[in-house]
Amino acid sequence: MTMNRRKFLSTGSAIALGALAAPAIARTGFAADTIKIGSLLDTSGLFDAYGKPMDMALRLAVDEINGAGGLVGREVEIISYDTQSDMALYTQYAQQLVRKDKVDVVQGGILSASREAIRPTLRKSKVPYFYNVQYEGGVCDRNIVIDGVTPAQQSEILMPAIINKWGKKIYILAADYNYGQITARWMQKYAQDAGGEVVAVDFFPLDVSDFGSTIAKIQSAAPDIVVSALVGGAHLSFYRQWAAAGMNAKIPMASSTIGVGNEHKVLTPEEGNGIMVAYNYSPELQSPTNLAFLEAWTAKYGDVSAIHEIAVSHYQGVKLWAQAVTNAGTPDRDKMIEAVEGGLSIDGPAGKVSIDPKTHHAILDVHLMEFKDQSLKVIESFSQRPPVDTQAVCDLQANPDDTTQYEIKI
Amino acid sequence: MVGGEFRKTLAVIVVAFVAMLIGPSLIDSYTLTVLIIYGMLALSLGLIWGYGGILCFGQAVFFGLGAYSYAIAATNIGESTVPFLLGIAIPFAFAFLLGAMMFYGRLSDVYLGVITLVVTLIFYKFVNSTAGPEYVIGNARLGGFNGIPGFQTLNVPGDPGAYIYDIDFYYFCGVALLVVYALVRWLLASPFGRVAVAIRENEQRVELMGYDVRFRKTVLFAVGGAIAGLSGTLFASWAEIVTPGMFSLAQSAEIIIWCIVGGLGTLVGPVVGAMALAYLKFLLGQQSLVDTTLVFGLILVLSVLFLPRGVVPTLGLLGRKRRGGGSSRRRAGRGRSGRGRRAMQEDAAKEGADV
Amino acid sequence: MDLAVVVIIQIVYSVALLVLISSGLAIVFGMMRVINLAHGEFMMVGGYATIVSVNAGLNVYFAMLVVAPLVVGILGLIVERLVIRHLYGRLVDTMLATWGLSLLLIGLATLIFGNTTTGISPPIEGFPIGDYQVNGYNLFLIVMTVLIVGAVYAVLSGTRLGLIARGTMQRSDMADALGYNPDKVYMVTFFAGSALTGLAGGLLSPLVGIVPTAGAQFIAKAFITVISGGASVIAGLLSSATLFGLVSQAFTFLVDSMVGEIALLVAAVVLLRLLPQGITGRFFKGGL
């Protein structure tokens, strides 16, 4: 089984490469009209460190789908726009995808703001939307499918683990926006559930890069652990300054965000080693599906250094959609969404991913990991964690017309 | 003289009106709408900078303030008429206060630039840090970095169910731009406008003639703020979300680039510049060969060096040369403050296109 | 007690940081009345120059103190010859052109390095003061800033070169008549300012992650500091950096870093409203 699958995938990618080289030959096998995926990703501008690998993942997934004969006998075509990290362009291109290109599905969006910018448009024009990024949770909308990890899925594993390992007093640092605020609340909840005590929570605007006074403040609070939900390039300097002050040897650290954009490859081993995280994916996973995925990625792009958490998440999102179309026998929106709600699951690089019909969020494996010499070493795996945060507020089976993004009361 | 100016304005409006009717058959009306909104935003800076000599690095503040005022009010009220008016009134009032603060303090030149830049940063940083649940105005959460989604968009006054959207919204924005253009033309033709231009040319002389320079500059600045606020209001209704990015320096920078490339000292120039460059940005996003930032940087450097007067005035100049004459009373300049003697002499030597 | 020492170090450090990121801009503005809005991107280039040379195996200090200033100085020279030379005396036009330049540099850096944050680790270890760990590299930066300011002062007031430069800035026609080509003096001054900017970028690269857009976080602060300082290069820079550093750190400790940043900006608005020509427009007039 294992060998077969891997072999199958690698031949798949070989065919896909062939298709690139000689599109005319490959196309003859398909029915006349294509199935269109609309892609909106920031492949330039501030957020392209996230967007570029996601775009690569999308293209790999589609190559594999076409290599294996397309979907319901039709070829899958990508229509992609670079949103240039500009929220106004998201709405513009979403309109373009819906009206002019008439796509069957939209995959993409990175920041929550970009998702909220296009979600109403796609809902009104009845184009299903897959948002495949780790985010703050709570979106309840039948037109959207979300396969990223949510804060509760991470915190319920991360917080007890670090409290057992290092001690009870916790100092939380978080990015000052929606994601950081909500994640910090879930961290507090799970810390208290595990018997820990949160001594302080500090929020930082995304462009703060001088953490000198914060580091002094943390020392006067003398916590056992520092937990960070800091986001982006400017915040990366916190880890550097933390290490430069020699603090990384004194107070251990955990995070819900570092590593998502491959930050562990930017920090030196001395700066990064020992930081605990919990994610859905690590390239170090030894599962056969992951090995096959890495092999296919290498065949297409040369090396695997660009792969990160949300690129894999995006890859899995595309595969989930493909599976739903296959199950439904058509890319038609209503039938496809019924298939999503009828027990949809795939075996992705990060393990089994299935969609919870009530919330359209993913049930997935979460791995507790540690930074070790610029890689993510898996310590313990927790299989099939449900999105408990979103489940607490959202039931699309009972209220199919719900479109709110809930802020979850804890 | 006034008759000639009136005819010219009328001609511009007629041409623009026809273009507005033809537009949707060439470019998707949804994209065209935002181009018009940006055009109006550029017009607001074109007015205070090109005619008032006030270089404002913070025009985005009024744009964002208009959008946020509208979004917050619309979330609370659920009907768009009052929010729409607030979206113009609040930026006007804020611009008036800020302008009074600066002009009564006799700030000019680069110091004006710094203050407006700093105010932009303050707004940007503040709005960005309002993600917490404690930042609420009525029912509207400010939302921090993610902005405010899901408010009532523009509707027929008195009937919240009748949305003005799609092609109707396009025509609404188009007509709004034409009305604003006509009003600004009227303002500039009035004694107030004449004095404003005189202040740009020589502030001291105007002051010695007994005019209250500080008050006039403040009013002009506030009018610019109101127009930017209106464009922000329309943008909010178009995008259905407002984000702190509207207050950002990048947004301010873009407005300045539109004006420079389009041509200062005219009203049509900034509008055309904004539409052309915003459309270029939209097109550039559909390819991945060249980096958009790079292209825009290059355009800005080259146009400062080789087209210091902007595209529209240069074209007007060429047209005039071909027709062999005609003279203009007004010089197109970037304001007395910023330019050296050489540039002013050049301005004086050449003729400006006054559209 | 220990906390007090740590807080004082932090305040001195933040003042030094403001001086460091603004010094290149201050020289170019103070001496030439040119505002280089690509200043932040010059720092970014300095940062990349340092990181690339360290990764190529060069010594960290050599990369920061020699390679970065040299690379950015040469970049400045090219920019001066190609762009700024044509715009002397047109303050607003130079601002716009250099703004375009900053976008251009961001675009180029993105093409070359991509948008991923890179960096190197600080070469100096932290050390304890009582119960507190202090970032050793911050102290190094404070020392470097003092040295830089001292050097600039010495060159401007004590050397023939500084005399010529100051003379040219005051009366370029007279300097010209005395046989000193103003064109050349401007060129050298811009080179020096750019090199200083590159040095600042190099020195900061171990502390902050470098991305093509990293310059944006510095330019606004540097711009505000320099303009608020006013015309005198050194007195203006030191006085406004001290004021802003104190205000922002006080509020950061009392409330949080967001309030600290906003306090700095509000202080700048109030200051410029009260002293429209900057601090040295009123005090220390005519100093260096």
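Placed from the backbone N, Cα and C atoms, the Cβ positions cover glycine too.
Automatic prediction, not curation, is the source of TrEMBL annotations.
TrEMBL annotations:
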- C:6-27: transmembrane segment (TRANSMEM)
- C:60-79: transmembrane segment (TRANSMEM)
- C:91-113: transmembrane segment (TRANSMEM)
- C:139-164: transmembrane segment (TRANSMEM)
- C:185-210: transmembrane segment (TRANSMEM)
- C:222-246: transmembrane segment (TRANSMEM)
- C:253-275: transmembrane segment (TRANSMEM)
Quickly jot the same-chain residues contacting the transmembrane segment (C:6-27) by Cβ under 8 Å, restricted to those at least six beyond its ends, or write none.
35-36, 39, 42-43, 129, 132, 134, 138-139, 141-142, 144-146, 148-149, 152, 189, 192-200, 203-204, 218, 221-223, 225-226, 229, 233-234, 236-238, 240-242, 244-246, 248-250, 253
As a test: from C:60-79, C:139-164, C:222-246, C:253-275, pick the stretch that has the greatest number of Cβ pairs under 8 Å with the transmembrane segment (C:185-210).
C:60-79
Using a Cβ cut-off of under 8 Å, list the residues of the same chain at least 6 residues beyond the transmembrane segment (C:60-79) that approach it.
38, 42-43, 45-47, 49-50, 53-54, 98, 101, 120, 123, 187, 190-199, 201-203, 205-206
Same chain only, please: residues at least 6 beyond the ends of the transmembrane segment (C:253-275) with a C-beta under 8 Å from a C-beta of the stretch. Say none if there are none.
7, 221, 224, 227-228, 230, 240, 243-244, 247, 281-282
